[in-house]
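Just below is one structure, and these are the notes that go with it.
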Amino acid sequence: MSVRDGAATMATNAGGGGGGGGWSNDPDDRMYLLQIYPRLAAQSSTYCNLRVQKNATTASVIADAAAALGLDPGRLYVLAEVKESGGEEWILEAGDLPVQRVLLWPRKAQEQHPQSFGFYFLLQERNHDGSIHYVHLPPLSKEQEVQRLAARGFLPPPQDDFADLCNLPVLSEDSILNNLRTRFYKKKIYTYAGSILVAINPFKFLPIYNPKYVKMYEKHQLGKLEPHIFAIADVAYYAMLRKRVNQCIVISGESGSGKTQSTNFLIHCLTALSQKGYASGVERTILGAGPVLEV
């Protein structure tokens, strides 16, 4: 055991109680890191990192941590799991296995990290009557929790926009509008809502309607690529050929929302697909249906 710069490091066997331990070549004897901070009447900057085996009990970990920190072995201590997600600290029973708790933490939290990053254990004394003093951590909203954990590498960065509204973590009018607004500012005017395509009129031409895009979306399952009106046309066209059943695409929206332009893009894509020899006379039929489509 060594104590340097206010930190005590110690290796222990599964049964606890001192022991030189060290790293074992046997996978079943793998050692796991526990970061333990004391919360005592006389506060100290000292903490200890214990490396213990998977089946080390809370009782043995408490004994080894007290020895590493030079605490009075005659007093009664408890071990509490702390997670930055907020809420009540989790007091471990004597027979619990702290490593099992660590294995439920994010991957980076299982490595050594500053206390401010969260995910560690607290060692504290029981009250004089043997009871336990529970401490509530400052509450964090779910969004704050995700942001802080993602910023520290414990979770993947939160997604700032969703191509399908059905994938929004919180489905509400505000979240839908915020998602559509975020995508619109990125010049992503199309968004799926399941198999429905939501289009926002950009009131300017975007270079996403050339033959390259027709080919890009050809024979692709809906949702595999970024939302696009060509994807809707492609799915309807090949469903017609495969099932030999008429297909219908409904375009609705308020005045000025871009219904006419969307109809033109659909016709453009369907015409380009029909010119590949899959059907005859489709081009003339589609072009002649323009007025009917806008009824």
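Each residue, glycine too, has its Cβ placed from N, Cα and C.
Annotations in TrEMBL come from automatic prediction, not curation.
The ATP binding site annotation in TrEMBL covers Gly253, Glu254, Ser255, Gly256, Ser257, Gly258, Lys259, Thr260.
Positions annotated as domain 'Ras-associating' by TrEMBL: 30-128.
The helix, strand and coil residue counts that DSSP assigns across the domain 'Myosin motor' (160-295) are 65 helix, 9 strand, 62 coil. What TrEMBL records for 160-295 is domain 'Myosin motor'.
Annotation comment: TrEMBL describes 1-22 as region 'Disordered'.
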Listed binding-site residues (Gly256, Gly258), ranked by Cβ neighbours within 10 Å, top entry: Gly258
PLDDT averaged over every residue in the domain 'Ras-associating' (30-128): 81
C-beta crowding around Ser255 (ATP binding site), within 10 angstroms: 5
DSSP helix/strand/coil residue counts for the domain 'Ras-associating' (30-128): 24 helix, 32 strand, 43 coil
Residues satisfying Cβ distance under 8 Å from Glu254 (ATP binding site), sequence separation of at least 6: none
